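Visitor: Got a structure here, written out as structure tokens. Questions coming.
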Amino acid sequence: MIEDLIGAGFALMTWSNVAAMVFGTLIGIVIGALPGLTTTIGLAILIPLSFGLSPLVALGLMAGLYNGSMYGGAIPAILLNIPGTPAAIATTFDGYPMTEQGNAASALRVACFSSAVGGFSSALALLLLAPPLSLVTLAFGPPEYFWIATFGLVSIAVLIGGDPIKGMISALLGLLISSVGMDTVTGRIRFSFGRLELVDGVNIVVVLIGLFALPRVLQMAEDAVTRGVRVSDLKIGRGQSTPFPIAHLIPTWIRSSVIGIMVGILPGAGGNIAAFLSYNEAKRSDRDPESFGKGNPKGVAAAEAGNSSDNAASMIPTLTLGVPGNAIAALIMGGLLVHGLQPGPSLFRDNGEIVYGFVLQMMITSVLLFALGGMIATRIFAQVLRVPQVMLAPMIVALMCLGLYTVNNSQFELFMMIGFGVFGYILMRMQFPLPPLILGVILGGMAEQNLRTALLISRGDWWHLLASPISKTIAGLVVLVLLVPLYRHVRERQSEALKNG
Amino acid sequence: MQRLKNRDVICAAVLVLFSMAAWMQAIALPARASLFPRLEIALLFGLSVVYLVRSLWRAQPVQSAEPFFRNLGRLLVALVLISCYVFIFPRIGFFTATFVFIPVFSFVIGFRDAKTLLLGAVLFTVSAWVVFVVLLGRRLPPEALLSAIFGGGA
């Protein structure tokens, strides 16, 4: 581990890697600052564009974008009361009141420092927890991997969004998409409808861009917002900004970082949940909880440290087990796959330098926020908000097409992307969660391959899937997760009954 | 009649029909190759039926629902323009197509500030050329129109 870490440290000291981290962080802040553009959309566009770059440079861009966008979301949340990303909703509670009191500069500084601290602690957790966990997974065989994939899929499907049935349907549609193409065992072509382009299956990048980026473009076209934010609407530096002693925030940072890391490791949760939990905990434990919501810097610190400390921690199950816990981790996993890196225990063994390099990039890009997210930079980034959305939409389309076309030079894939975009739009309007679908596409191969290998080893005995204690435990967890909606339903009924006396 | 208009009912019914069609495709495959897809489709069918029954049970009058499309006209125009762009750019080149696509898309959707449109298109196209061709050395479709005007070197 130490050798790989040192090797990774040296590998990162090249101009291309440094430029990738700086550029990725800047792009991330810009994407986060633009309401309507989220980390997932940014990553979906970036992944195909990074094709052809060396894996470390591509991962540096992704790490920067991830950390940068988490902070970027705070800029409009503080200045305009509009969260740039869902994870920045809790930042508006105290950030905007601070702006109204003339403390926008102070709020932005607190947000920037808190994001940096949260991101760094999260990366530290990834560095300390992922390698030992990856060693544990060496004891896993095909049945255990089948259950791990099932657990990842079921958790996201059931826990994300309010409707477990729609979540499960979404996941199954993703699994079906992953079944398209040549069956690796028998060599039979499945569900290709005679199209040679589908023999190798559906390119994951097509699905990522189509589902995550195009529906947003279509929404932008429908809304047709022709006016960006006017500079006069931004209240940066208006009035006398009160400096806030950063040392007072340390306990909030520690508490929020721990919460964010725990939320990050759990499947189905995300930065917004981490931010809300951290905010509530900061409010609950404060001597003056009434001051929250009225411009308390600790509220901004808790929300920002909480959402940023979820970042690298969410990569722990992704890198060690190959099972992403949320949509962003699923996209980064897609990015790893595009660059020929297979997440799981072998990732640390075979590509130690790259994976530790990524962990270091998550740390470095967090620290970069201190330099890049300061007041002057924030003024510049806030100007991005002036770009009208109707102009932004065709630019996003151009970047999507450019990225996708350079992967395989296939026009068929471009049209397929439009098809997935329309499909994603319909699913979104029908309130089907999209992360389970993308996870189904990513984990489908892993689940099928391990199920068939397990059945092959046991000569068709399905009980072999539950032979080992690890398999039994993970299968038990799957059942528990499936029972969560039932438990919620019973709880709701009980609380309703209590209310009605 | 009103209940049948419920979009959840329609969606669930489409899913039921889709899973039946997918099952027909799957059973045409050898058993070993179709084992996993059959499992998926069977589960999809089961859940779609549950979704259908639940939607029929809870069906809301269609008038009370939020409209499905915020603006169907603009959505269709956007889709047509994106499809045209995807069809054209491998033929005439990325930069030429993009330089035309950005102002046309924005103008048709409703942004009428010609100066900003032109400036935006120029800035984006030049930046994309610098980043992807000059810095990253990406091979993009040849700029047919520019080649015809300025000669083969364009």
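Including glycine, each Cβ sits where the backbone N, Cα and C put it.
Where the annotation comes from TrEMBL, it is an automatic prediction and has not been curated.
Reproduced below are the annotations present in TrEMBL:
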DOMAIN    A:19-439  domain 'DUF112'
REGION    A:285-306  region 'Disordered'
TRANSMEM  A:12-34  transmembrane segment
TRANSMEM  A:40-66  transmembrane segment
TRANSMEM  A:73-93  transmembrane segment
TRANSMEM  A:113-133  transmembrane segment
TRANSMEM  A:145-162  transmembrane segment
TRANSMEM  A:168-186  transmembrane segment
TRANSMEM  A:198-218  transmembrane segment
TRANSMEM  A:253-277  transmembrane segment
TRANSMEM  A:319-342  transmembrane segment
TRANSMEM  A:354-378  transmembrane segment
TRANSMEM  A:390-408  transmembrane segment
TRANSMEM  A:463-487  transmembrane segment
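Can you walk me through where each of these features ends up in the structure?
Guide: In the predicted structure, the domain 'DUF112' (A:19-439) carries a mean pLDDT of 85.
Sequence-distant contacts of the transmembrane segment (A:12-34), counting only residues of its own chain at least 6 positions beyond either end whose CB sits under 8 Å from a CB of the stretch, comprise 41-42, 46, 53-54, 56-58, 60-76, 84-85, 88, 357, 360-361, 364-365, 368-369, 372-373, 377, 381-382, 384-385, 387, 392.
Only residues 6 or more beyond the boundaries of the transmembrane segment (A:113-133), in the same chain, are considered here, and those with a CB under 8 A from a CB of the stretch are 1, 5, 67, 70-71, 74, 246, 249, 252-253, 256-257, 260-261, 264-265, 300-313, 315-316, 319-321, 348, 356, 359-360, 362-363, 365-367, 369-370, 373.
Same-chain residues lying 6+ beyond the ends of the transmembrane segment (A:145-162) with a Cβ under 8 Å from its Cβ atoms: 168, 170-171, 175, 267-269, 317, 321-326, 431-433, 435-436, 439-440, 443, 446-447, 450-451, 454, 465, 471, 474-475, 477-478, 481-482, 484-485.
Long-range contacts of the transmembrane segment (A:253-277) within the same chain, counting only residues at least 6 positions beyond its ends with a Cβ under 8 Å from a Cβ of the stretch, are 70, 85-91, 114, 117-118, 121-122, 125, 129, 151-152, 155-156, 158-160, 285, 301-314, 316-317, 323, 325-328.
Remote same-chain residues near the transmembrane segment (A:354-378) are listed as 1, 4-5, 7-9, 11-12, 17, 21-22, 24-26, 29, 55-56, 59-60, 63-64, 66-68, 71, 75, 105, 108-109, 112-113, 115-120, 122-124, 126-127, 130, 236-237, 308, 311-312, 315, 319, 341, 347-348 (criterion: CB distance under 8 Å, separation of at least six residues from the stretch ends).
Residues 139-141, 143-144, 146-148, 150-151, 154-155, 158-159, 164, 451, 454-455, 457 of the same chain lie 6 or more positions beyond the ends of the transmembrane segment (A:463-487) yet place their CB under 8 Å from a CB of it.
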Visitor: Taking contact to mean three or more C-beta pairs under 8 angstroms, with sequence separation of 6 or more, is the transmembrane segment (A:390-408) in contact with the transmembrane segment (A:40-66)?
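Guide: In this chain the transmembrane segment (A:390-408) contacts the transmembrane segment (A:40-66) - 3 or more Cβ pairs sit under 8 Å.
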Visitor: Below 8 angstroms Cβ to Cβ, which residues of this chain, lying six or more residues outside the transmembrane segment (A:319-342), approach it?
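Guide: Residues 39-40, 43-44, 46-48, 50-51, 55, 58-59, 62, 66, 126, 130, 133-134, 137, 148-149, 151-152, 155-156, 160, 204-205, 208, 212, 264-271, 311, 348, 351, 354-355, 358, 407, 434-435, 438-439, 442-443, 446.
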Visitor: Are there residues at least six beyond either end of the transmembrane segment (A:168-186) with Cβ under 8 Å to its Cβ atoms? List them, or say none.
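Guide: For the transmembrane segment (A:168-186), the far contacts come to 153-154, 156-158, 192, 198-202, 207, 427, 432-434, 436-445, 447-449, 452.
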